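Lifted from TrEMBL, the feature list:
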type	residues	note
BINDING	A:Arg20, A:Glu77, A:Lys116, A:Lys438	(6S)-5-formyl-5,6,7,8-tetrahydrofolate binding site
BINDING	A:221-226, A:240-246, A:265-268	GTP binding site
BINDING	A:Ser225, A:Thr246	Mg(2+) binding site
DOMAIN	A:4-116	domain 'GTP-binding protein TrmE N-terminal'
DOMAIN	A:119-435	domain 'MnmE helical'
DOMAIN	A:214-313	domain 'G'
Amino acid sequence: MSVVYALATPAVKSAICIFRVSGEGCHDYISEIFGLDSPQPRRFLLCDLKNNETFIDRVGLILFKGPESYTGEDSFEVYAHGSLGVMSLIVDLFDSKGFDQASPGEFTKRAFINDKINLNEAESLSDFIESASSREVFLSGASLFGDLSKKLSDFSERINSLRVRVEAEIDFSDEGQDFMDGSLSNDLSLLIEDFGSFVSLCINKREYSNNKNIVLVGPTNSGKSSIFNRLLGYERAIVTDAHGTTRDMISSEVFFQSNKFSIFDSAGIRETEDVIEKKGIETSIKKISDADLVLGVFEKKDASLVSSFKKMCDKGSFFIIQNKIDINSSDTSFFDCCVSAKTGEGFNSLKNLVVSFFERNKKNNKNSQYLIRDRHVKLFNQVTKDLDIALKGLNDSKSLELVAEDLKNARSGLDEILGKKFSDSLLGDIFSSFCIGK
Amino acid sequence: MDKFDVIVVGGGHAGAEAAFAVSRSGLSCALITMDQTKIGQMSCNPAIGGLGKSHIVREIDAMGGLMGRATDLSGIQYRTLNTRKGDAVQALRVQCDRDLYKKAVQKILKETNIKIIQDEVVDFLLTNKKAQGVITKSKTYKSKKIILTTGTFLNGKMYTGNIIKTGGRIGDESSIPLSKRLYSLNLPMGRLKTGTPARIKLSSINLLDMEEQPGEKPTPWMSLASPPKKHQKQLSCYITRTNKKTHEIINKNIHLSAMYSGEIKGIGPRYCPSIEDKVRKFQDKNSHQIFIEPEGINKDLVYPNGISTSLPKKAQQEFIFSIKGLERSIITEYGYAVEYDFVDPRTLKQNLETKYLENLYLAGQINGTTGYEEAAAQGLMAGINASNSIKKLKDFVLERSEAYIGVLINDLTSHGITEPYRMFTSRAEHRLLLSQNNAEQRLILKANEIGIVKKERVDKYLSNEKEYKKFYTNNLVKLKKDFFIDKNGAKIRLQEKRSISSLLSRNDVDEKKLFKPNKKDTKLYQRAITEIKYSGYIKKQIREINKTKKQNNKQIPTNIKYEEIHGLSNEVKEKLIKTQPQTIGAASQIEGVTPAAINLILIHLKKKELVSQNA
């Protein structure tokens with residue numbers, strides 16, 4: 001069976017991540033990916049994972065020789081560092097080798113087919129495949145929303161109708177008709193333009209989530225790190241009473257109300273001679289200007305101090321937060337939100353403030369209408385490329401059957417996103433559009 | 001009692017090719033036909049080839065079949081279509097002399113051990129629910145296999161206006177008893193129709209009013225084997241068009257057309273509509289092309305391709321007279337529509353044996369196809385498979401990525417048909433792999449494994465391939481240049497020397513100026529250009545093919561009970577039950593059958609295997 005891979009650990013930042021790869025011939029790739037020649041199976045090997053000489057990560061590798069493996073086929077497992085970046089580079093690498101992403105239950109199915117698991121297990125596997133596929137349908141329906149999927153279907157149809165004209169010109173060239181009508185190249189460039197502006201309305205889900213960057217700023221020792229820790233729910237930044245304890249940018253991802261945010265704790269800003277601290281402050285200033293939301297943390301009302309921080313963020317918005325209301329009295333008229341990192345008081349309203357800010361902001365963001373995933377980005381790029389090649393081919397009077405092939409590829413890219421398997425109605429479309437036949 | 005390995009019933013293009021294949025396999029064969037003078041008869045237009053079809057002829061030819069040879073013995077005009085497009089979609093079309101074609105087929109069959117019997121088959125000889133021979137009006141013949149290639153004889157009806165005759169072709173009777181026997185097998189059937197135009201005397205046509213279309217020079221050959229000494233005398237075709245007046249006459253009489261009066265229920269081919277359909281469905285078109293095809297050398301008859309009709313005689317005459325150049329036509333035979341039953345080809349296995357009666361194979365128009373080439377291809381495959389089965393060899397099945405014949409049989413047996421099935425290049429998803437010019441590279445060795453190609457032919461092929469490789473290495477790999485001339489005639493300098501083959505992969509290079517082969521190497525150079533230009537696309541296609549090949553080839557036993565598979569939707573179950581795909585690959589091609597459904601079937605099959613092992 002074909003080579004498939006899957007990330008066996010959750011796709012979140014973690015210490016390590018594990019990829020499983022299985023299928024006939026997958027060991028043929030060991031030397032080009034890991035630089036190892038005929039390594040021993042069933043041993044933990046340390047090696048460098050590379051994509052065409054480009055180093056990705058130092059990883060652990062275990063080879064299993066079929067039938068002595070979970071699936072019964074040749075397979076291997078990769079233990080890499082658990083950063084999202086490494087994960088996506090490994091996914092790209094496997095895709096480029098022609099490996100397929102495993103469908104739900106794939107490894108277990110293979111194990112069954114290769115006599116590795118028994119009938120009872122297989123029974124439950126059938127149920128799993130069934131439920132997984134209906135879940136998949138449901139999910140893809142939900143995540144693609146009606147609108148995006150309609151848009152894609154429209155483009156798919158438009159590509160098809162161009163291909164119909166090309167195919168008619170190929171299969172019925174002795175009919176004495178001009179099927180392409182001279183305007184095919186115009187129609188195609190129009191399609192490319194429309195598709196381009198559609199793609200610009202799409203925003204990658206990952207980028208979108210990563211865009212929710214929140215930076216904590218404020219004078220030193222105002223309690224930024226305590227707020228940071230409180231938001232995260234555990235002690236991460238070093239908190240002491242001494243000024244300038246946070247010398248580096250510390251960041252983490254948090255979830256409130258099923259939204260993901262990246263929160264950065266900046267070094268307190270003050271004049272300093274300490275080189276390391278100075279560097280931390282420079283990083284802070286840079287981060288502040290990139291942030292989507294800046295939370296200024298202060299102990300007391302000090303308008304000039306607040307405005308000096310506000311000046312640093314040229315983009316995004318600025319909320320002023322009063323901390324330490326357990327020792328100072330809160331001032332709700334001046335501050336947007338008043339909390340105590342020590343007692344936890346006011347944190348619910350702080351979270352609500354943050355969430356509703358991003359909610360509001362999303363609605364205002366008119367440019368992005370569609371949320372898409374990494375997989376879609378990749379396919380969109382491929383579709384654009386195929387369409388461009390087709391257009392260039394038409395204009396350079398490349399052989400028409402190759403133009404037809406480009407259009408076919410472009411369309412199958414879109415159909416893959418839609419998860420549809422179209423019956424090839426091409427001939428039907430030709431006959432209904434043209435009077436064919438001697 | 002006379003005994004044969006294989007009996008072929010019918011002497012059309014499927015029957016002739018089937019019998020010839022059996023004989024090449026070294027087995028004994030009888031061809032039973034109602035009229036032996038009609039063996040190899042072209043019953044529609046007198047042409048072989050065209051898009052998707054010349055591809056099939058070359059494939060048949062590469063496997064030692066007769067169609068290409070018969071074409072070259074009778075060809076009176078050769079034209080390559082799509083010369084301005086790439087190699088994969090170029091197609092040779094050959095006008096043939098109708099009589100010479102038939103004679104050529106008969107001559108080729110005469111040189112074999114095939115016994116030709118003129119008789120009417122009325123029944124099968126059945127023992128233990130297996131076909132064991134045939135019963136004719138006068139005798140009983142025993143055989144191990146029977147190949148039925150009886151064309152449109154099943155319940156055939158011909159319509160001209162309101163006049164209805166039974167029969168499958170003008171002048172030929174239907175075989176009623178045999179049809180009755182076939183109906184009693186309860187095979188799923190459907191009804192189709194097709195039509196023909198009137199035939200007109202050449203001497204009554206004014207060719208000066210028409211556009212002449214001469215043949216191609218130098219005249220090519222259809223067969224890739226050693227050709228005859230020289231071509232037949234070459235003739236031109238002519239083109240004229242219908243006009244407003246023609247359409248008025250047709251519109252005025254349309255209620256009299258058998259097709260529009262509700263008489264005909266069968267489904268006609270959309271790519272070959274009657275002139276009534278064209279005028280009706282495309283009202284905005286003022287004119288349709290008519291292709292005047294000569295019927296033969298020294299023959300006072302033409303076939304006006306493009307005006308097939310079932311209008312009454314008077315109306316036919318009237319509209320033909322309105323066409324430029326045809327004003328004084330003498331019509332020798334009027335057009336008619338034929339309606340006939342076909343057997344749903346999904347009841348066939350991929351080797352073309354019916355699932356309903358062991359040892360019985362069906363090939364040709366009876367399976368719902370149209371066209372000489374499609375029929376011949378099925379005849380060839382049924383002949384090979386019947387022989388293989390007798391010799392206890394594996395089924396001879398061609399992949400979709402391997403041959404148009406593979407596409408044809410796979411389409412028929414897994415999807416069935418909704419209209420008479422004709423080949424088009426767009427039906428082949430791996431079209432770029434399947435050129436009419438590389439049929440030998442694709443098929444000759446495979447056919448040679450089962451011994452149906454002559455040794456000289458294979459040797460010649462092998463030496464040609466060797467010559468090509470030598471040419472390629474010596475000239476295209478070893479020869480290097482540090483510049484080239486682009487398509488606009490500009491000289492482009494390169495930083496370092498590059499081989500001709502790598503320069504050919506550039507889109508902007510002028511191939512003719514890049515390398516000038518010797519005259520004898522011109523074809524080899526052309527082949528190399530094509531292979532290099534396609535290589536990127538082909539690599540991609542081959543990657544896709546290999547990905548699923550192994551799983552796709554997994555057989556599904558005929559006794560599989562889809563209703564037992566837990567988790568399949570009812571819709572999918574119904575489709576699978578109706579189609580009875582033979583392999584996982586065929587199942588996955590059925591609309592609505594998702595990858596998850598395929599997984600469930602695989603698990604079910606495995607489960608059954610385990611259960612039977614443990615039993």
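Counting starts with 1 at the first residue shown.
Using the three backbone atoms N, Cα and C, a Cβ is placed for every residue, glycine included.
Overlay of TrEMBL feature records on the structure.
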residue	record	DSSP (3 states)
A:Arg20	(6S)-5-formyl-5,6,7,8-tetrahydrofolate binding site	strand
A:Glu77	(6S)-5-formyl-5,6,7,8-tetrahydrofolate binding site	strand
A:Lys116	(6S)-5-formyl-5,6,7,8-tetrahydrofolate binding site	coil
A:Asn221	GTP binding site	coil
Rounded Cα separation (Å) that holds between A:Lys224 (GTP binding site) and A:Arg20 ((6S)-5-formyl-5,6,7,8-tetrahydrofolate binding site): 41
Integer Å distance between the CA atoms belonging to A:Arg20 ((6S)-5-formyl-5,6,7,8-tetrahydrofolate binding site) and A:Ser225 (Mg(2+) binding site): 39
Average model confidence [pLDDT] within the domain 'G' (A:214-313): 70
A:Asn221, A:Ser225 as binding-site residues, winner by CB count within 10 A: A:Ser225
Pairwise Cα distance for A:Arg20 ((6S)-5-formyl-5,6,7,8-tetrahydrofolate binding site)/A:Asn221 (GTP binding site) [Å, integer]: 47
Proximal but sequence-remote residues of the same chain as A:Lys116 ((6S)-5-formyl-5,6,7,8-tetrahydrofolate binding site) (Cβ under 8 Å, at least 6 apart): A:Pro67, A:Tyr70, A:Thr71, A:Gly72
Close in space, distant in sequence - A:Glu77 ((6S)-5-formyl-5,6,7,8-tetrahydrofolate binding site), Cβ under 8 Å, 6 or more apart: A:Ala8, A:Ile18, A:Phe19, A:Arg20, A:Val21, A:Leu61, A:Ile62, A:Phe64
Candidate with sparsest Cβ neighbourhood (10 Å radius) among A:Arg20, A:Lys224, the listed binding-site residues: A:Arg20
